[in-house]
Every structure is written in structure tokens, then in C-alpha cells.
């Protein structure tokens with residue numbers, strides 16, 4: 001009984017195939033002669049065109065399988081086979097660097113993509129390592145003379161330039177006069193400035209970087225600010241090495257300057273220990289950072305701009321005024337602070353201003369380091385994460 005059922009099913013399937021085959025052949029025979037790209041219409045036949053009982057010739061199978069050869073498959077573009085990417089070297093030539101996209105599934109690549117700000121933290125660790133080298137290098141350069149002797153001589157030269165040279169008209173108010181004004185009758189304000197100086201520079205700058213990574217209208221804008229700060233750092237680090245300068249508070253007592261920060265016991269961990277270069281007064285990075293942060297806040301307010309970026313929207317009068325006031329006041333208060341506490345000369349702040357301007361104009365010089373970054377990522381087998389600066393925030397309707 002089972003055999004008869006199987007025979008009936010086989011005959012039924014064969015009958016359906018024959019009906020389908022007859023209809024298909026009729027359509028092919030009656031179809032118009034169509035030509036694609038001017039070529040002749042050929043008969044397209046495969047091993048499926050034969051009846052169920054016809055034998056299959058091995059040569060036909062080999063001919064069909066060889067029709068799609070390795071050369072044809074190699075012409076299909078495969079991103080995974082792209083083993084390099086092109087980088088411009090100072091606009092002079094194009095160099096090829098390893099393509100790290102193949103490592104995007106690695107665990108540390110996924111961590112970087114989940115937390116892209118980790119990459120920014122690595123950049124600042126490199127900044128600090130370079131800063132630590134300034135003390136070592138300057139000690140070696142001035143080993144014969146003594147670095148403290150050289151730093152004192154440089155500080156006295158700055159003081160003489162401000163008060164006795166033909167440039168003295170640029171500094172009508174002496175640093176000592178500012179400090180004495182606070183010391184006599186404005187002690188509470190001086191105490192506030194001491195605390196402000198001790199606590200705001202490093203924590204405030206770190207908070208700004210974190211906040212602006214989140215709130216910047218685009219990563220391009222954030223990266224410009226970050227590169228400007230970094231280049232300002234490197235210019236200052238070079239100056240620390242070849243021109244160590246003693247701050248006014250460390251000059252001999254006959255010059256009248258007082259170390260008010262230590263007198264108030266306001267010193268923080270950001271100012272103490274062997275990890276701080278005490279002879280890095282020229283230029284003033286306190287003012288340099290505050291100036292860049294202040295300019296960024298003024299830019300972020302949008303009050304001086306008519307064009308806005310992709311995810312950016314016009315701010316209300318309140319937020320425009322808030323960012324404008326915060327940016328201007330932060331820079332001005334820091335400038336008064338470094339003078340009143342005798343941590344810097346006027347010239348230190350002026351040189352920091354010039355460093356910031358030059359760094360902003362030349363910040364794209366760091367693009368020459370992209371090949372080194374590519375090589376490092378290749379060594380650790382990681383892919384650089386796609387930054388999320390501002391985009392997700394503004395896409396959700398953020399407006400500050």
C-alpha cells in the first residue's frame with residue numbers, strides 16, 4: 001500500500017513538472033527578441049532544464065562551476081580586503097597606513113565605542129607626561145648654573161622689563177600694588193582669590209573639557225578647542241624647559257611679594273608635591289586656559305555669530321547672557337587672581353595670550369600625528385571610536 005502511494009505521488013510530481021516545463025518553454029519561445037547593451041539574445045540553459053529522468057553529465061557540472069571563477073569573484077569590492085587607508089603628510093605626499101576597521105569587533109574597540117571619551121582622557125595623560133619631562137630637561141640644561149639661580153635671574157629680568165624698560169608703558173600698574181590693595185582692607189576678597197587659585201585651575205579645566213565634549217555643537221568644534229589647548233600646552237612646555245621662571249612669590253623678601261596662598265593654608269594637592277613644576281611661571285597657563293575657556297563660552301553663547309551648526313539652535317536671551325558673562329568674568333577673575341596672589345607677572349599673562357592666539361591659528365598642525373595614531377591603533381589591534389560629541393544631545397532637543 002505504501003509503495004502504491006509513493007508511486008502515485010511520484011507520478012503527480014512528474015506531471016506538475018511537465019506542465020510547468022511546457023508553459024515555461026512556450027513563454028521563452030513566444031517572447032520578443034530583447035537585446036541588452038546591443039548583445040544577441042542567447043539561450044540560457046542550466047542543469048535544471050532537463051527532465052527528472054535525464055542523466056546528468058559531469059562535464060556540464062564542471063563547466064557550470066567554472067563559469068564563476070576566482071577572477072570574477074575578486075572583482076567584487078570587499079571592504080575587509082582594504083588593508084590600508086590614505087593619510088596626507090603635511091600636504092606634500094600621501095602615505096598609506098594600516099586600516100584598523102577589521103578590529104572593530106575586538107573587546108577593547110567595543111569599550112572605546114561605548115565610552116569614546118576614554119580616548120580624550122588618553123590624550124590628556126600624554127599631555128601630563130610631556131609636562132613632567134619639562135622639569136627633568138630644564139634641570140639638565142641648567143645643571144651647571146643651577147636651575148633656581150637661572151629662574152630667579154629670569155624673573156628679575158621680567159620685573160626690570162616691566163618697570164624700567166621702554167616697554168614699561170604697557171604695565172602702568174605694578175603687581176605689588178595690586179597685592180597691597182587686597183592686603184589692606186580687602187582681606188576677605190584676597191582669601192577668596194587664594195582659594196580660587198588653588199582649586200579652580202585643574203578641576204575647572206577638567207570639568208570644562210568633559211562638559212564641552214557633551215555640549216559642543218559638533219566634534220569638529222570640540223576638537224578645535226582641544227587642539228588649541230594642547231598646542232598652547234606644548235608651546236608653554238618648551239618655554240618651561242629653556243626659560244624657567246620663578247614666580248614673584250618666591251623672589252627674595254626685599255622685593256615685597258607675599259605668598260598669600262600658603263599663608264592662608266589654601267594650597268591644594270594640585271600645587272604640591274614633586275609632580276608640579278614650581279618654576280613654570282612663564283607663560284601663565286592659568287590665564288592661558290582661562291582665556292581659551294572664556295573665548296569658547298562666548299562662542300557657545302552665539303551672541304557674536306549669525307550662522308549655526310547642524311544640531312545647534314538659537315539660544316534664549318538668558319542663555320546668551322549667561323555664557324557671555326561667564327566667559328568674560330572667568331578670564332578676568334583668573335587674571336586678577338594670578339597677580340594678586342603673586343603667582344605670575346603681567347608679562348606671563350601677556351605671553352600666554354600670544355601662545356593661545358598662535359595655537360588657535362595653527363591647531364591643525366596635529367594632523368601630522370594621525371599616522372602615528374593609526375600605527376598605535378594597529379599595534380594594540382583596536383579601532384578608533386566614532387565621537388558622539390553634541391550629536392546625541394542636540395538630537396534629543398538639548399539647547400544649552
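We number each residue from 1, going along the chain as drawn.
Yeah, the Cβs are placed from backbone N, Cα and C, and that goes for glycine too.
Annotations in TrEMBL come from automatic prediction, not curation.
Quantities reported herein were computed from a predicted structural model and do not represent experimental measurements.
Among the features that TrEMBL reports, domain 'Inositolphosphotransferase Aur1/Ipt1' is placed at 175-302.
Under the heading transmembrane segment, TrEMBL lists 196-216 (among others).
Within its own chain, the transmembrane segment (228-246) has Cβ neighbours under 8 Å at 123, 127, 130-131, 133-134, 137-138, 141-142, 147-148, 150-152, 154-155, 158, 277, 279-283, 285, 288-289, 292, 348, 351-352, 355-356, 358-360, 362-363, 365-366, counting only residues six or more beyond its boundaries. The transmembrane segment annotation in TrEMBL covers 228-246 (among others).
The transmembrane segment annotation in TrEMBL covers 278-300 (among others). Within its own chain, the transmembrane segment (278-300) has Cβ neighbours under 8 Å at 134, 138, 147-148, 151, 154-155, 158, 197, 201, 204-205, 208, 212, 215-216, 225, 228-229, 232-233, 235-236, 239-240, 243-248, 250, 323-324, 326-328, 330-331, 334-335, 337-338, 343-345, 347-349, 351-356, 360, counting only residues six or more beyond its boundaries.
Under the heading transmembrane segment, TrEMBL lists 321-340 (among others).
Residues 87-90, 95, 97, 158, 161-162, 170-171, 175, 224, 227-232, 235-236, 239, 245, 281-285, 287-288, 291-292, 335, 338-339 of the same chain lie 6 or more positions beyond the ends of the transmembrane segment (346-372) yet place their CB under 8 Å from a CB of it. The feature transmembrane segment is assigned by TrEMBL to 346-372 (among others).
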For the domain 'Inositolphosphotransferase Aur1/Ipt1' (175-302), DSSP counts of helix, strand and coil? 89 helix, 2 strand, 37 coil
